[in-house]
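Take a look at the structure set out below.
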Amino acid sequence: MKIFTAEQIRNWDWYTIANEPIASLQLMERVAAACSNWLLEQRYAQKPLHIFCGKGNNGGDGLAIARQLLTQDADVTVYILETGKKGTDDFQRNLELLHKYTSNIHFLQSADFFPILQLQDVVIDALLGTGLDRPLEGLIAELVQHISNSPATVISIDVPTGMFADKSCKDCICMRADHTLSFEVYKQCFLYAENAEYCGSIHLLHIGLHPAYYEATIAAHQIIESKTAQAICKKRNAAAHKGNFGHALLFAGSYGKTGAAVLSSKACLRSGVGLLTVHTAKCGYIPLQTAVPEAMVETDSNEQHLSAASADLLRYAAIGIGPGIGLHEETANVLMQLLQQAHQPIVLDADALNLLSIKKDLSALLHTDCILTPHPKEFERLFGKVANDFERIERAKEKAEELNCVIVLKSHHSFIACPDGNAWFNSTGNAGMATAGSGDVLTGILTGLLAQGYNTTEAAVLGVYLHGLAGDFAAAEQSQEAMIASDITAFLGKAFLHVSQTNV
Ligand SMILES: NC(=O)C1=CN([C@@H]2O[C@H](COP(=O)(O)OP(=O)(O)OC[C@H]3O[C@@H](n4cnc5c(N)ncnc54)[C@H](OP(=O)(O)O)[C@@H]3O)[C@@H](O)[C@H]2O)[C@@H](O)CC1
Ligand SMILES: Nc1ncnc2c1ncn2[C@@H]1O[C@H](COP(=O)(O)OP(=O)(O)O)[C@@H](O)[C@H]1O
Ligand SMILES: [K+]
């Protein structure tokens, strides 16, 4: 699914108004109907509703929701933040209409008039939407804090008030919503990890915006959905043999971190690879052979860390390096040797990235078929400090183009930046995956997919989606608290089945 900017969404409104055609007031009525129906279905409309409106079109949505719910006998109180300015045309028209249904409308001119909100109350936040053009301050900031600090359930319309659709609102005042009701497509701000606690659960409601605009408009970012993954996932030939699915090589593990090698190896094998060889420190031989009998193990001459690259790289279809390899100088040499000699696709993760981060000229080291999978800290070591998630994403896109490789920025809604400028946010995964070894599992998956012939973008998009989905299945079975990284691998099968059964 495409992710549109606030400007593109505004243009989509206007395109619909001009080409459906439909009056803008009617479009607002449709927005309100979608929200009202959701509130009725979810039984929030049975509770005391406090609808807070600004004087823009977001506030207009709020007034129309109030009127529609009053016709359903809901208990509605409306508050309008008084700015001294006239509202937009659609706001004013909805205010006139609302006066015919209720007099329970309060104009808030100072904090003294803010209502006390209780646990059973439901707040509809229709203060500001995509028209936000500066951080909140003054009375509106006080009101947003008052509501956010109350025990009431908060449901924001379009965006939580104070959140910029297309840029960071880190360190700004923002409504803390339990639910956000938005329309048709995700906005970029819903996908930043730093905004997750403000958005609550996102619900995309259909309001019948014109499909031709969606088709014709190019989006800078997309979200990976089941059908995206399904379109990439290849069907296995019935007569296939293991030679058809590639031979992967993983450089993983060191003394005390053989577990990382076990985790990535198992995940690699469960991703459909034909053959797997693991190159690990000598101390890892017995544990690996015992825990992952399906893998071949090639031991380093050193007992505790990697000190020499594999003798014959040509046999392998793809290479993964990083999980648990440590930061020994000799291991750094192995990495450099590998980067010079290997011509096949490579996944670079964890300590491989940390070792790379001390090198000045990465573009001279990386060939075009690399996937880098940094988490935010590793990203910072590689590419420098950033102020917020928005900047991190922009820097990832710049670096992917500059280095001509795929960068998977691991996080809540992991972000994939491709060298051709395409960029994806993931839609699967959960906080249960914030547990040791989850990233090692991803490295195994990506290496396994590359070995099977998926290109770097395909492997990253499919692999990240499957990894998150397997994590979601694991959490459903085990709880987010109790799940561990091995559970992600255990549920990879269910994730593959889900993707292969999705109808495109
Ligand atoms: N397809 C869709 O998605 C549809 C969307 N629709 C809805 O319309 C909404 C967009 O409406 P909108 O353009 O009128 O903007 P909105 O957010 O109400 O703000 C208005 C004014 O607020 C002000 N302002 C800005 N920043 C401020 C601040 N920090 N503190 C205080 N004030 C601030 C600024 O005015 P200023 O004060 O600068 O004069 C600005 O002009 C959208 O989110 C959705 O809910 C539907 O109805 C139709 C289909
Ligand atoms: N809150 C979350 N929501 C979604 N995915 C998450 C969340 N926390 C972690 N993950 C995923 O789990 C993985 C963690 O990777 P990483 O930080 O490298 O772990 P480790 O180093 O322990 O292996 C990443 O793929 C990340 O996207
Ligand atoms: K809002």
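Glycine is no exception: its Cβ is also placed from the backbone N, Cα and C atoms.
Database features, via TrEMBL:
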- 57-61, 129-135, Asp158, Ala260, Gly324, His375, Asp440: (6S)-NADPHX binding site (BINDING)
- Asn58, Asp125, Thr161: K(+) binding site (BINDING)
- Lys410, Ser411, His412, His413, Ser414, Gly439: AMP binding site (BINDING)
- 9-215: domain 'YjeF N-terminal' (DOMAIN)
- 225-499: domain 'YjeF C-terminal' (DOMAIN)
Integer Cα-Cα distance in angstrom, Gly439 (AMP binding site) to Asn58 (K(+) binding site): 40
Lowest local Cβ density among Asp125, Asp133, Asp158, which the record lists as binding-site residues, within 10 Å: Asp133
Rounded inter-Cα distance in Å - Asp158 ((6S)-NADPHX binding site), Ser411 (AMP binding site): 24
Packing count at Gly60 ((6S)-NADPHX binding site) (other Cβ atoms within 10 Å of its Cβ): 29
Between Asp133 ((6S)-NADPHX binding site) and Thr161 (K(+) binding site): CA-CA distance (Å): 11
Cβ-Cβ distance under 8 Å to Lys410 (AMP binding site), same chain, at least six residues away: Thr373, Pro374, His375, Pro376, Gly439, Leu442
Neighbouring binding-site residues, C-alpha within 10 angstroms of Thr130 ((6S)-NADPHX binding site) - of Ser411, His412, His413, Ser414: none
Other C-beta atoms that fall within 10 angstroms of the C-beta of Thr161 (K(+) binding site): 30
